[in-house]
Amino acid sequence: MENTLRHYLAKLPFRIWQSLLICLMALVMPFSASAQQTESLVQLISKNQEVSLSSSISIMHESGVELSVTQVRDQLSQFVWHSGGNPNYGFSEHGVWLYTTLSNVTTTDKWVVSVAFSQLDNVDMYLLQDGQIIASSFQGKLGMQSHYRLPVMKAELPYAQTVELFVRLQSQHSSLVAPISIMSSSSHEMQNFYDSLLWGLFYGGLIILAIYNLVVYFALREVSLLAYVGYICTVLVWQFVWGGHANMILPQGLSHWFDMHTDIIFVLIGIGSGVFTLVFLEAKHTAPKTLPFIKVSIGLLAVMGLCSMINLFPPIWQNAAVYVVSMLAISCYAYAGFESYSNQFYAARYFIFAWSILATCALIGMFSLVDMLPSNFITTYCFQFGVFLESALFSLALMDKSRHQLQLEVQQATNDLRNNIELVEEQNVRLDIARKEAVAASNVKSQFLANMSHEIRTPLNAILGFSKELQQADFSADKRDQINIINAAADNLMTIVNDVLDVSKIEAGKLQINSHPFSINELLEEMIGVMAKSAHLKGLEFVYDIEPLPLKLIGDSYRIRQILNNLLGNALKFTDTGHIGLSASGKLLEHGIFELNIKIEDTGIGISREDKRKLFTAFSQVDDALNRSYQGTGLGLVICKELVKLMHGQLSLQSSPGQGSVFNVTVRMNILNTKPSISGNSEWQDQSVLLYEPYPNARFTASKLLRSLGAKVTSADSIAFLQTCTQPFDYLIYCIHPQHPVANEKAFACAEHIEAKRKLLLCSGEDSCCRFSKFTEQFSPQLRLPLTPGKLKEVMHKPAQAPVNELQQRLESLPPVTVLAVDDMEMNLRLLSTWLKSSRLTLKLAFSGQDAVALCHENEYDLILMDVQMPNMDGLQATQLIRKTKLNFGTPIIAVTAHAFKEEQQRLLNSGMDDYLPKPLDLSDLVDLINRWCHQGEDDEPQAEIFNWPLALKRANQNADAARDLFAQFIEQLPEFESKLSHLQQQPNHDELQPLVHALHGICCYTGAVALHASCSELEGQLKRQQYNHVPTLLDKLIKDIQALRHQANEIKLTMLD
């Protein structure tokens, strides 16, 4: 029968066996629970071990009415055994009671009951023996302030007696997690020590990370570092509250507020981490798809925080909502890291790892809070561990980002260097790239400035030439003064042109001072003649104050004039009312050095202290409004500062807005003649002078000047005082100003009754003397203000006969030679004819290079003045052809050029010309040049060839093999250039022609093709200036030069071998 039963049972299906097993377990479980309940007594057998009570707990929920411990003890039958040992008792709006029994069989009676969760609102603990309370504790977030971060109760347990432990839990802000344990007092103290140590390491590590990254932020100004510091601060605040330390340190009211709003701390962490995510990942560029979700998450967190502050929702709902939104936000942040990494932002790998760890830890913690995982040490503190590890990984991510950025910069620099090297290889010039770029940039700028200088200097040559010629004519003093002003104004215009060139020289460190003897007094008189009239035209007064200065100094008069022109020009430009003042003084130093002090003041708009530094920056004024109101290049003060520095002086400024400006200039020069320019003069000694000058500053300086000459001066500033002057005077000096016409008429009326041997009239303003012509007949001479030593000298010495003109004498002494002048501009040749008509030399004119070559075939000349830039055939080509003529192959040829750079002048000399004469022409320089060349023997100069072998060697650093190699490669490229240029000659296109000519020009620089290089330079200059009239002619010339060079290539190669 037994075998039959066994056989039957074997045939039962597997599902039936499974059902039977389940039923058996269901029957066994209640008995097991009952058995465990009967064994709920916890015996304490070791004082060195912590005993967990979570597996020995019974639980009872209050029904809505708070019960006392006595009432609860009477209802022990209502307690239900809590199986599983998970100390998470879920969410409840009412209190929950926990119950267990204890028995101490150890040698110590001091014990501590601890609840290892700090976020419960109320934790009431009672220990009863025989129904009597022997220990109690009322703690939790809303309880009394504790000395420990966790709820604890200290008690003395009797030996081998059963005691009852009742714990009441209540919390509306979190689940009822209560891992209860009991340990001896000594074990608790040791545990508390290690707990404090671990938390100290936690807080200390985060604070060190924050301080370190904050210091790095101030050094690098990387915003992600600051966002990271903010994130760490929110983590610290959150953990300070969540870990229970706030209840130990903060005031009770403040700690209770934080405890009631712990969700706000989560909100701050979410917002801080979101901001860090946006900044660190540069999400706008690396995670554009996730960016909107991150912003929405931050916005939702901010809304949750606001709702928590106004208690809009019940605490449990509020906490749940914050947890859900936080998890969504963490997911967005982590996904943003994946997106950034996929977009090659490799520093995001640490970011992803950090968020992955935190998300995992957060899920474990949340599942523990909602009773989906058991509550123990790991599930309780895994989030803190994740936060700490995440912060450390974020720091690594920041360092990796910095390293990656550095790698990118190095890679970019490497790529740039590689590109530069490739560019040098493509150009095949075998020169260092830095030098190549510097030389190329310098050549382009120099060519541009040279072309600009040439175009402006050419017409100025005629203006200056004829104005200086008019100075020799017999005109009245007034007309002669006007001619002088025209001449000086043209010189000032030339100075403005030179300002641009000077700035270029300053940048290149090539600006130099040229010393020569000059008269500082004559220079100042000349500047006053121009500037005073300009001031009077604006209705301003010009005040001149001068101390005795040496007659002759050795210095750069041109540069001193340039400084004065710039400073006085600025004063005139920025002054609308009042006066302009110029004063000059000086002192003798050791070793024959004279220190000249010049002060220029005005009553203009002034300059604030903040704007003063802008004045000495190229192309700048105080602000854009001034640029619109007062036109100017903005170069003057920059040049002045550098010039003063080169003259071992100083330039200072004193100014206030609305109070005008004062510029003080100090320069040092050698002294040549120590005799003072102003001293006691026998002609003015003891002469009585009545000076009427209503303007105070001008009256003081004029009276001072007259007294220094020895005169006895009576100064008058009012008509009333004039009426009291009845005694006779030697001189009456009247100064009138057009701003006061009525006062001037009364003053003239008074002048008729004043007895004086001579009456002088000084006027300011345009035609001011003419306005009062009916009163001015009694005055002679009539001069323009201000009063200067030169004008007083003119008053005392009216020229009885024309002064001896030294320049005219030199003209007349020129040898009877024949000179050929070549220029395509008729006015320049006419100027030369005018200048030289009184000399003994014979001047022949040619209006083009072709005419000059034709004349040189027929006639022999002693000197040829050759303009460089001419259409069809320029001066260089004409020079080369003239060198091949029988009659003039050795005739000195002088380049007449408007190019201001020494490099251009040297190029002309290297091309076969013997000397150069810069435009605008100066008659004195022209006479010197004719005398120098026409009194010397004719030296045969080397003939200028199409190809210059010494120049090619020089460009190749004297490496003959390299020079031959470069020339051979250049010849191979010429057919392609000729084809393209011929095509553009048939179908003109200036935009395509300019880069082609530029490329050919650059290659010519290193091959010695002098003529071709000059043609390229000239054509490229015309194209850059968009002056297309001569482009067809220059292009035809360029093509012919290419053909000529190709035709002679074989001969040139043979020359190289020799």
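Backbone N, Cα and C define each Cβ position, glycine as well.
Listed in TrEMBL for this protein:
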type	residues	note
SIGNAL	1-35	signal peptide
TRANSMEM	197-218	transmembrane segment
TRANSMEM	225-244	transmembrane segment
TRANSMEM	264-281	transmembrane segment
TRANSMEM	293-314	transmembrane segment
TRANSMEM	320-338	transmembrane segment
TRANSMEM	350-370	transmembrane segment
DOMAIN	451-671	domain 'Histidine kinase'
DOMAIN	818-934	domain 'Response regulatory'
MOD_RES	ASP867	4-aspartylphosphate
DOMAIN	959-1058	domain 'HPt'
MOD_RES	HIS998	phosphohistidine
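With DSSP classes pooled into helix, strand and coil, the tally for the domain 'Response regulatory' (818-934) is 50 helix, 24 strand, 43 coil. Residue counts of the domain 'HPt' (959-1058) by helix, strand and coil are 83 helix, 1 strand, 16 coil (DSSP-based).
Rounded to a whole number, the distance between the Cα atoms of ASP867 (4-aspartylphosphate) and HIS998 (phosphohistidine) is 25 Å. Per-residue pLDDT, averaged across the domain 'Histidine kinase' (451-671), gives 80.
Across 197-218, 225-244, 350-370, stretch 225-244 shows the highest tally of CB pairs under 8 A with the transmembrane segment (264-281).
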